[in-house]
Ligand code: CMP
């Protein structure tokens, strides 16, 4: 089924010049990027994006990580892209991600405490719509 999802290249991916490599993997898989922008997220946007994590012990380090530089926000479209993009990314903890995944192959200077993991992808179709509306200001 054709779906859309919200995809992000986090500050470590941008700083380490992995934008092209990550987009190459997205497009090689057959997904289409229909919206894309570079943005320096502020705390207000992040508190909405990470609403389920606000108040958790790792939230302050997550905020520091995510405000440390610009990110690439994207909307992707494709067959079963919500689950498929998460498979391409690999597990949340990059030290445990399987070979062949972005988080395994492109992660090098991890801050495991902050769980720097290069990319983000929505975890459900509902979350994707919520995140797309938030980042791209849609009705
Ligand atoms: P992501 O799954 O994209 O969204 C939540 C982020 O919080 C996660 O990636 C990590 O970057 C970060 N994070 C930091 N510590 C943790 C943790 N203990 N568990 C889950 N996510 C964490």
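Note: Cβ is positioned from N, Cα and C throughout, glycine not excepted.
TrEMBL annotations:
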type: DOMAIN; residues: 2-139; note: domain 'Nucleoside diphosphate kinase-like'
type: BINDING; residues: 10, 58, 86, 92, 103, 117; note: ATP binding site
type: ACT_SITE; residues: 120; note: active site, pros-phosphohistidine intermediate
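Where TrEMBL records a feature, it is marked here on the structure.
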residue	record	DSSP (3 states)
10	ATP binding site	coil
58	ATP binding site	coil
86	ATP binding site	helix
92	ATP binding site	coil
103	ATP binding site	helix
117	ATP binding site	coil
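On the 0 to 100 pLDDT scale, the model's mean across the domain 'Nucleoside diphosphate kinase-like' (2-139) is 94.
Ligand 1 lies under 6 Å from the Cβ of 58, 92, 117, 120, out of the recorded positions 58, 86, 92, 117, 120. The separation of residue 120 (active site, pros-phosphohistidine intermediate) from residue 92 (ATP binding site), Cα to Cα, is 9 Å.
Each of the binding-site residues 92, 117 was scored by the other Cβ atoms within 10 Å of its Cβ; the lowest score goes to 92. Sorted by the number of other CB atoms within 10 A, the recorded positions 10, 86, 103, 120 start with 86, the lowest.
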